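A quick write-up on the structure given underneath.
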Amino acid sequence: MKPEVLLYKSLPDDLRARLDEHFTVTAINGLSPETIAEHGGAGARRRHDRLQQHGGSSAAGENAKLRAASTISVGYDNFDVEALNQRGIVLIDTPTVLTETVADTMMALVLSSARRVVEVAERVKAGEWRRSIGPDWFGIDVHHKKMGILGMGRIGLALAQRAHHGFGMPILYNARKHHEEAESRFNAQYCDLDTLLRESDFLCISLPLTEQTHHMIGREQLAKMKPSAILINAGRGPVVDEQALIAALKDKTIHAAGLDVFEQEPLPVDSELLTLPNVVALPHIGSATHETRYGMARDAVDNLIAALAGKVEKNCVNPQVLR
């Protein structure tokens, strides 16, 4: 008898066929607590936000069937990993295939924020380009400015490569430990958070959401940045205190922001961020290319096949459950 799999996102036909070869697949409508519980997977319920968890220890205890959860993402803050650990449920993600694409998105945010690409393009469409442009249309340079990277993982390293080699930008970074490859390849300079905030012309956030990183950038941290600085966030929205960021953008504490992630997603249509001309807001498109999303789905399928065969070798979030 084939193992049973719950499929909560559609897959390309060839990948769905591959799943069907190995498993009995049931498509479900999202990952609401009720839907997961109905199918015996309480331990993998999603979190509605960082602090309110669905599928805690008691809920996971109700689950007698779930053996593995495979997510099409690099982030896993939407899973209650502690509950999964308690039940011996393996969680696998897809961290490697999206690295270059997300770094591209971050560099696009750097450029579009600095050169006001979205803002001035809309002005052209509105018919405001009627004579030679003046300073009120100007942006700021990117090349040779200091890039500060908060979180030097795979994506941070790929961003450093683009900034250093493509734009001649000195690289500063802060992370849990020194990154020898970043320092040797891109002459990246490790510094403490206060120094990163004070000296960066572009502060690029590439951090996961954890108890330690929630609102890591708030009013106090934003006040330490240059008035000319631009904040880029393509990590997780709640790493930045959104209300503090709005205030800093309105009172010119910082120059601008390029955002691909938000505290609430989708971003509410009445969000004050959408009223600010110095904000570039994207709908969490960091990895959203046809090629990369296919690769992520392929890896998620491969991960699940390996996990249910007891052969997980990579991309395991909680390898301790395999021991």
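Even glycines carry a Cβ here, placed using N, Cα and C.
For reference, Swiss-Prot has these:
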type	residues	note
REGION	37-62	region 'Disordered'
ACT_SITE	Arg236	active site
ACT_SITE	Glu265	active site
ACT_SITE	His284	active site, proton donor
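Listed active-site residues: Arg236, His284. The one with the lowest count of other Cβ atoms within 10 Å of its Cβ is His284. With respect to their backbone Cα atoms, His284 (active site, proton donor) and Glu265 (active site) stand 8 Å from each other.
A C-beta separation below 8 Å, combined with a sequence spacing of at least six in one chain, links Glu265 (active site) to Gly237, His284.
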